[in-house]
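Peer 1: The structure's right below; bear with me while I get my questions together.
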Amino acid sequence: MTSPRVNLLDFDADQMAAYVAGLNEKPFRAKQLMQWIHQRGVSDINDMSDLAKSFRATLLDKVEVLSLPVIKDEHATDGTRKWLLDVGAGNAVESVFIPEDDRGTLCISSQAGCAVNCRFCSTGRQGFSRNLTSGEIIGQLWFAEHLLRNDPEAIRRIEKYPTPGWEHTGRVISNVVMMGMGEPLLNYDNVVSALRLMLDDRAYGLSRRRVTVSTSGVVPMIDRLAQDCPVALAVSLHAPNDALRDQLVPLNQKYPLRELLDACERYLPFAPRDFLTFEYCMLDGVNDSDIQAKELVRLLRNIKCKINLIPFNPFPESGLKRSSAQRVNAFAGILLDAGMVATVRKTRGDDIAAACGQLAGDVVDRTRVRERDIHSAEIEIAEVESDVQPNEQPIEWLKKLT
């Protein structure tokens, strides 16, 4: 019986070196393979011309360079591009490329589905299927980078607005954010293996400042990441107190805000920048009041951070609404007046459901949570009187979503 082929995308630099050594080849062959695969985007062993013919013959019988099959390739009017990728057994994940004037950002997935089940995120609606392998994670970058290098539209844009690395390496993707489907820190080993490849000069050579892991707050893994591979960290916060965050981000019930913020402060000395990012999805009448803005200031004022306010991207089953632009600006104004650094994220790719919180996979619904009668639920939000303490704000309406 023929042994299954080894997918070389599954190997980081150390694993590649060990594999090559196991074939009784010299160490420099591992570097050659890394460069052919990750820097040049070559998947056919026969095209790796500076490898010895005997080595190529050995590899042809044992290995492959296999990225995920593409189910759908969608283009948004703003230049954003989304790929639906097949990970087998009826599962799919999504990757999104976001072109900007000074960078090209790829948003990648770490899991098929997500178990965290944040109330405002469509990915959580489908439940959790499995972790992606390191090859499936890095394969999203491999596929997108080398496809875009040969895409006339992408080349025209990048020649007009060069991204970091373009002139010297021909690299289209300058930034990677792990903000796609899944909770990266619940797939820790595979994510870290993929991160190391992104940073490795023999592969993609990205700066730690340009690679971001977004987490909803897996406290023990934040501490491990600080030691193992400290890239930029973004924390999905979305609420200024435990009572509300318990409802919006159920993981908060296991790792409440005080534990999460303590972990963030421990991470800061290892971070590639001198600040962390906190993401805050703006939900109409839920977490966007002046009182909650002031509470957020009190919560974060002693942490070096940037607060990224994200307009909610609606999907039918959520029962939630996006805060108005006026409310977002007023909320941001309170943060800025208090001396906080705050930005409002520009929504991209709405027309192809590629915006933040919209990635759900165009696949068979495998939701493992109770059926929710969301469509008919009327959200009743009690008026918050001026003498009500922030941590006493009513959250009964959220129980209709569970």
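Yeah, the Cβs are placed from backbone N, Cα and C, and that goes for glycine too.
Remember, it's a predicted structure, so these values are computed and weren't measured experimentally.
I grabbed these lines from Swiss-Prot:
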- Glu94: active site, proton acceptor (ACT_SITE)
- 100-351: domain 'Radical SAM core' (DOMAIN)
- Cys107-Cys356: disulfide bond (DISULFID)
- Cys114, Cys118, Cys121: [4Fe-4S] cluster binding site (BINDING)
- Gly182, Glu183, Ser214, Ser236, Leu237, His238, Asn313: S-adenosyl-L-methionine binding site (BINDING)
- Cys356: active site, S-methylcysteine intermediate (ACT_SITE)
Peer 1: Once the chains shown are all counted, how many other Cβ atoms turn up within 10 Å of the Cβ of Cys114 ([4Fe-4S] cluster binding site)?
Peer 2: 26
Peer 1: Do you see any of the recorded positions Glu94, Cys114, Cys118, Cys121, Ser236 whose C-alpha is within 10 Å of Cys107 (disulfide bond), and which ones?
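Peer 2: Candidates kept after distance check: Glu94.
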Peer 1: Measure from the CA atom of Cys118 ([4Fe-4S] cluster binding site) to the CA atom of Gly182 (S-adenosyl-L-methionine binding site) and give the result in Å, rounded to a whole number.
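Peer 2: Spelling it out, the Cα of Gly182 (S-adenosyl-L-methionine binding site) and the Cα of Cys118 ([4Fe-4S] cluster binding site) are 11 Å apart.
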Peer 1: Are any of Glu94, Glu183, Ser236, His238, Asn313 (the recorded positions) within 10 Å of Cys121 ([4Fe-4S] cluster binding site) when you go C-alpha to C-alpha, and if so which?
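Peer 2: Taking Glu94, Glu183, Ser236, His238, Asn313 one by one, the ones whose Cα falls within 10 Å of Cys121 ([4Fe-4S] cluster binding site) are Asn313.
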Peer 1: If I take the alpha carbons of Glu183 (S-adenosyl-L-methionine binding site) and Glu94 (active site, proton acceptor), what is the distance between them in whole Å?
Peer 2: 14
Peer 1: Roughly how many Å lie between the Cα atoms of Cys114 ([4Fe-4S] cluster binding site) and Asn313 (S-adenosyl-L-methionine binding site), rounded to a whole value?
Peer 2: 18
Peer 1: What does the structure give for the C-alpha distance between Ser236 (S-adenosyl-L-methionine binding site) and Cys118 ([4Fe-4S] cluster binding site)? Integer Å is fine.
Peer 2: 10
Peer 1: Indicate the candidate from Cys107, Cys118, Cys121, Leu237 with the smallest number of other Cβ atoms within 10 Å of its Cβ, considering only these recorded positions.
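Peer 2: It is Cys118 that, of the recorded positions Cys107, Cys118, Cys121, Leu237, has the fewest other Cβ atoms within 10 Å.
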